[in-house]
Amino acid sequence: MGSCNSQRRRRSRQATTTPFVLCVLFAQVCTSLCAKVYVVYMGSGSGGAEAEDALFQDHQMLASVHSGSLEEAQASHVYSYRHGFRGFAAKLTEDQASEIAKMPGVVTVFPNTKRRLHTTHSWDFMGLVGEETMEIPGYSTKNQVNVIVGFIDTGVWPESPSFSDIGMPPVPVHWKGKCQSGEAFNTSCCNRKLIGARYYMSGYQAEEDSTNKVSFLSPRDSNGHGSHTASTAAGRYVPNMNYKGLAAGGARGGAPMARIAVYKTCWDSGCYDADLLAAFDDAIRDGVQILSLSLGPDAPQGEYFNDAISMGSFHAATHGILVVSSAGNEGNPGSATNLAPWMLTVAASSTDRDFTSDILLDNGANFSGSSLVVFDMNVSMSIISASEANAGYFTPYQSSYCLESSLNRTKARGKVLVCRHSGSSTESKLEKSKVVKEAGGVGMILIDDADQDVAIPFVIPSAIVGRRTGSKILSYIKHMRKPKSRILPAKTVMGSQPAPRIAAFSSKGPNVITPEILKPDVAAPGLNILAAWSPAASKLHFNILSGTSMSCPHVTGISTLVKAVYPSWSPSAIKSAIMTTVHHYNSKMNLQPLYWTRGGGPSLQIPMEDGQAHLIMAQAS
């Protein structure tokens, strides 16, 4: 009897304690699994004792939402921001983030959002002269050796000749940064040109699948984007830069003698707010004078003080650092991002250089389309509309867009296919050429009226044409019994007109947050730009890319030269000088030099088309 009573008491205790234990376990699991990284922004900070105590203060605040546990607080901590501004990043549940947002001294708390990259003859086209010095006529820019330009991007390929330090003087004494070692990157990778390199990935690691392999846990660039932007703005002169023989010749950045510091925050999937703010914080302390960011949020952008780039750039500006950023590549009205008034936001325009392939039809007609394909078809082959090669359950209309698995191999084999691209589609044009190749096609003509000038390195002989040319080719196919076509290798074409013009992909105003402040501020070359690259990305040392990511470093380079001539000018003065000195000029006439003299100072003469500013555009829309 006693034994049975003892069992009942044990069962009773189990019945009452088990749910409590489960609740505790669930709460612990939820805290771990439900937590995500939040940025806690606390406004302007100062150095000295406050900076030294910042980590302790952050841990104390975190402990207050972790039931007083300092151990849990330390485990949840990701970054402390203490040089240019105060705040921290930490793994928190939504309730914990809400609780911290109510604490004294906290300005705002927001999630660790992912940002995306906004993916040479251009300097000659803009009128800057000289291989190494890039002198402004009438002004000395030799002081650019004392200007430090920071790039928040995907890192750098230090062995590129664009980052050589031959003939450069010692590093400026005001530099306080460092060269951070890591995978395939040590302190010897830095030099008198590339004077600093750091990398940040705590925010990335907290959000991404831990099984995802990351290339180069170091400042080394595995993507190519960061090397491209840095060399566009401040790369050294390279005597024979080319892309597979295209655009061959000497090339350099806008300020080739300026110093470069890289802050790698962007990885394969994007760039996270927590990492971006850590880079801003270090760059402010390190002593950079210009910061370049060819990345940004998806449109529509959120409020300024829930946006890491807006916040980081605000504190950079208060420390005398001009922040130049890309406007985005969504192309629609109201799609511009990086809208904060203290930033210099850049749209993308063209130059007078195109890369085209000739399209020969058997009736003697000859058209041209944009392409970076350098190999030949050798002979004319049968040409059909992709709608005639529809496969399975795909309709002819669906197959006309050369979607994955939409093409019948029997019908497509050995032929040139005419495909369509929707201007609003995110479908990759490069992928369409892969779809055609997998179906047995030997060539592709892609009809895309919106972005027909963006040259693409297709996997088979291909070319992009506009709607009018595409209609003529489709009419030829329809009316000929055995239509044939041949696509020739791409070539460099100089003197294209009209130039400059705004690229169709370039994000446009109005400013969706503060409509009375027009954005983007200016435009610069961003179409088919040749610059340094990472061989780890595609076994190339130089590559041709298009995007506001490419236009941004052009303005970074110009800003650096202005800073070199007038080192005491504030970020606002440099921005104002660039924006308020545009001069109406018809792009169909011969272009004039970029810089000219007004009132004893340098100012910009900008080619215009039909009354709209294009090369450096005073209010892009």
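Placement of Cβ uses the backbone N, Cα and C atoms for every residue, glycine included.
According to TrEMBL, the active site, charge relay system annotation covers Asp153, His225, Ser549. According to TrEMBL, the feature domain 'Inhibitor I9' maps to 37-118. Annotated domain 'Peptidase S8/S53' per TrEMBL: 146-584, in sequence order. The feature domain 'PA' is assigned by TrEMBL to 402-473.
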Roughly how many Å separate the Cα of His225 (active site, charge relay system) from that of Asp153 (active site, charge relay system), to the nearest whole number?
7
Under 8 Å Cβ to Cβ from Asp153 (active site, charge relay system), same chain, six or more residues apart: give me those in sequence order, or none if nothing qualifies.
Leu117, His225, Gly226, Thr229, Ala230, Val262, Tyr263, Lys264, Thr265, Cys266, Ser292, Leu293, Ser294, Leu295
Among all protein chains shown, how many Cβ atoms are found within 10 Å of the Cβ of Ser549 (active site, charge relay system), not counting that one?
30
DSSP residue counts for the domain 'Inhibitor I9' (37-118), split into helix, strand and coil:
31 helix, 24 strand, 27 coil
Using DSSP, tally how many residues of the domain 'PA' (402-473) sit in helix, strand and coil.
21 helix, 15 strand, 36 coil
Let's check the environment of His225 (active site, charge relay system): how many other CB atoms sit within 10 Å of its CB?
26
